[in-house]
Structures are given as C-alpha cells and as structure tokens.
C-alpha cells in the first residue's frame, strides 16, 4: 500500500510561547523572505521549481539590490551546505532552524544530494501552513512519499515525519520541547549534523541564542552550524534597519551580538564550537564566479551600486564546526 499525505487533520496553535502575539512580527518575516525569493526566482536569479508551490508571485516588483542580496544569501548557504554534504558523503542529517517556506529538501533530492534525513523546525503556525501546502501539492508530497518505505506517514498536529524528511512545529527558545520533538522524529545524535539558521538568532535574546548554540554543540559529536544574519549594526545604516523593523512590531532582540564579524565569531567560539569563520555578504558577492555576476547583473539595471554595498555590508554568513577532523570539516570555506 502506498503511503499517503491525504486526510490528516491539522490542529490550531497550542504552544504558549509560539502563539505569543509578540512573535507576530517575527513570523511575518517568513512571508517577506518567501515573497522576495519567489520574485527573484521569477526573473531568473536562480532556479527553484518548488517555491511557486509555497508562495504566490507578488505584483509588487522587488528592488534590484534586494534581489541580488537574496541571490548571494541563497548561493552562500547552498555552497556551504553542499560542501558539508560532500565531506560526509551525505551520511549525515540537516536541521534547518526557522526554515519557513524553504525548499532546500526538494532541490537537494533533485541533485541527488539528500542527507540521511532532513529536518525543518519553525513556529507551529508556519509549520501548519507548510504541511497544508505539502499535502495539497503533488510536486511537494510525491518526493516525500517516494522516499518513505512505510505504509503511513506520521502527521500529528504540528509534525510531519517520514523516513527522509520531517517538519516540526516548535519554539527554538524551548530547548527541552525542541529536543523531545526531534527525538520523536528519530534525530540521530551520532550522525554528522549540519544546523542552518537564516535570520533566526537575531530575533532571540543573546542568552536564548547562546543556549541554542550550546545545545547544538553539546548534542552532536560532529557538527557544523551555518548562520546568516545582520552584522555591523552599530552604524547609522544599521540603526535605520532596526527602526524600520520596529515600526513593523519586529524587534531585533539579539542585535547587540551583531556588532561585527568578530562578535559573530566570538559568540560561536564561546558556546562550544571549535572553529568559526565569517564574511560579510559584499565580500561573498565579490568572490562569486565572474560568469555568475555577469549573468545576474544583466537581469535588471541597478541604479545605485553604493546602496547594494551598504546593504550587503550589513549581512554576513558565519559557519562553525565541532569535531569531524577525519571528515575535513575544518577545511570547509567559502
């Protein structure tokens, strides 16, 4: 009998922390990021046949500097992720923290680069919506079902669990709940593990993000952590970013850790990670293959290069490793 995603019920949000209205602004950033990625894909910045199944194309045109910024973000995270997968020969697991409508699982499957298991975690309300889309869209559900050897898939409230993919509704500030749900979905602490957080830690207090980083470093013998978020936030441009988000009821609770690349690396090193590297996104953009830069810069005209530079200098990509000497994890770089 073939496994099916049909007929499972979806319950409303029940977690006190995750239903807190103070988090509404943070949850709204998921929609913003999805719309921006969808638009950039629609005009050819990168190929992603799955994003259309999670978010509709916005009628509002996104600015060229925003599109290029998202291209650099997606490219950077993807390059580091694939480097980890190759080092481990895909005998590993990935935990995407605050995954939103991310489509990496489906794209990795198409490239024959799936890890042993791919986990996603986000607020229960976001997970509920994503599970609904997966159930309703065959291009999303079919790959999960094809990889699943059992007759039935587990769909329980804010959790969908299968052999190679799981999505979990949980609050990253409640580590006991997070760990319990991950274990319920057969997380293997003995496997090399890649954790990914994109614009997630900055919405947590420094203490909360430190606890999450310590938990990750102590839970897995061999691990890598990728963090994409703001940096150089002490200058005037950074202050304007903070004020704009506050006007949308979105407070950057962890902004004090985002002062510099050094403060970003220091946070990782003081919370259990053995190595840490970081680059701002303008530096990453300058390292892109010239052919790719020429291709994306031909897609649309950018009036002010200075604005792109300012924006990219206020985001960074950081990565840290623990263990994995025999795999060469410390050699991974961008």
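Note that Cβ sites are derived from N, Cα and C of the backbone, with glycine treated the same way.
As given in TrEMBL:
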type	residues	note
REGION	1-23	region 'Disordered'
COMPBIAS	9-19	compositional bias 'Low complexity'
BINDING	73, 98, 171, 172, 198	S-adenosyl-L-methionine binding site
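Long-range C-beta contacts of residue 198 (S-adenosyl-L-methionine binding site), restricted to its own chain and to partners at least six residues apart, with a cutoff below 8 Å, comprise 33, 73, 77, 98, 227, 228, 229.
Cβ neighbour count for residue 73 (S-adenosyl-L-methionine binding site) (all protein chains, 10 Å cutoff from its Cβ): 22. Residue 98 (S-adenosyl-L-methionine binding site) counts 22 other C-beta atoms within 10 Å of its own C-beta, drawing on all protein chains shown. Around the Cβ of residue 171 (S-adenosyl-L-methionine binding site), a 10 Å sphere holds 20 further Cβ atoms from the protein chains shown.
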